[in-house]
């Protein structure tokens, strides 16, 4: 059985930065350090930070006064920022800079009183943070997930609209929704470059590259990781039996029956150690050759805040 590794895979610059911010805050200020929401969607990473003294909370009212809080890579609403400021909490912002870019787009159209349509998944922390950049007294912001949502969408002024998207969506699905928006609202405007982040795009492209070369695809990533789920969905759409796994322990040996080539990739919040463990497990199940499939090299690095360097 050949093991074909997709490239790129695993950590992206935004995840690296977010984890580094929590680690550096713990190094400099000591435990406890509070983090609003999982800093990234990966249990292994979160548990490791918990062991070092990070405390993960859902809301700021769980953070005691005079403490340090870190906002997760997914970003937060303006209301959350204001609450932290009002309480004089020490804040470090681990929001991915590419998410911040979308926040700035939404804030800009809100100030101009332009209705905004966000393409994204309801309930995802990034979507909640992005929706929360839009002022409640402006024209309005709407969330759509599919062309069907677009078909039933009613806006106040079809001639004055702007769209943007969650950064971790399926590239193909997002293009379908954008096409539906442009067909229904010909004057709608959007970002010069789509909001899907480079890491999401590259990892989906890498799956496309190897999908027709493998009999099975394993995606290392958490069940609540948007970009990991999109990788699994993409491989499945391309006709490959695919599974999303947290760790090597999730591999079921009957998946490998009759499999000659297995592809391995990982979401942007999955650490290299978990990918390595999956490869080692596959070797123990009969994998005799590991092939690194060539892909796009990533050199982007996002700096941590100056106070933490």
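Note: Cβ is positioned from N, Cα and C throughout, glycine not excepted.
DSSP assigns residue 12 ([4Fe-4S] cluster binding site) to coil in the three-state reduction, placing it in neither a helix nor a strand. Sequence annotations record features per position, and here Swiss-Prot assigns [4Fe-4S] cluster binding site to 12, 96, 197.
What Swiss-Prot records for 41, 74, 124, 225, 226, 227, 269 is isopentenyl diphosphate binding site. The Cβ of residue 225 (isopentenyl diphosphate binding site) lies under 8 Å from the Cβ of 41, 42, 267, 268, 269, 270, each on the same chain and at least six residues away in sequence.
Here Swiss-Prot flags 41, 74, 124, 167, 225, 226, 227, 269 as (2E)-4-hydroxy-3-methylbut-2-enyl diphosphate binding site. The secondary structure of residue 227 (isopentenyl diphosphate binding site), as reduced to three states from DSSP, is helical.
In the three-state DSSP classification, residue 269 (isopentenyl diphosphate binding site) falls within coil. Per Swiss-Prot, dimethylallyl diphosphate binding site is recorded for 41, 74, 124, 225, 226, 227, 269.
Summarising the annotation, Swiss-Prot assigns active site, proton donor to 126 and lists sequence analysis as the type of evidence. Within 10 Å of the C-beta of residue 126 (active site, proton donor) there are 25 other C-beta atoms, taking all protein chains into account.
DSSP classifies residue 124 (isopentenyl diphosphate binding site) as coil under the three-state reduction. Here the CA atom of residue 167 ((2E)-4-hydroxy-3-methylbut-2-enyl diphosphate binding site) lies 9 Å from the CA atom of residue 227 (isopentenyl diphosphate binding site). Ranking the recorded positions 74, 124, 126, 197 by the distance of their Cα atoms from the Cα of residue 167 ((2E)-4-hydroxy-3-methylbut-2-enyl diphosphate binding site) places 197 first. Distance noted between the C-alpha atoms of residue 124 (isopentenyl diphosphate binding site) and residue 12 ([4Fe-4S] cluster binding site) is 19 Å. Comparing residue 126 (active site, proton donor) with residue 74 (isopentenyl diphosphate binding site), their Cα atoms are 5 Å apart once rounded.
When the CA atoms are compared, the binding-site residues lying within 10 A of residue 74 (isopentenyl diphosphate binding site) are 96, out of the candidates 12, 96, 197. With 41, 74, 124, 225, 226, 227, 269 listed as the residues that bind dimethylallyl diphosphate, the site has a largest C-alpha separation of 15 Å.
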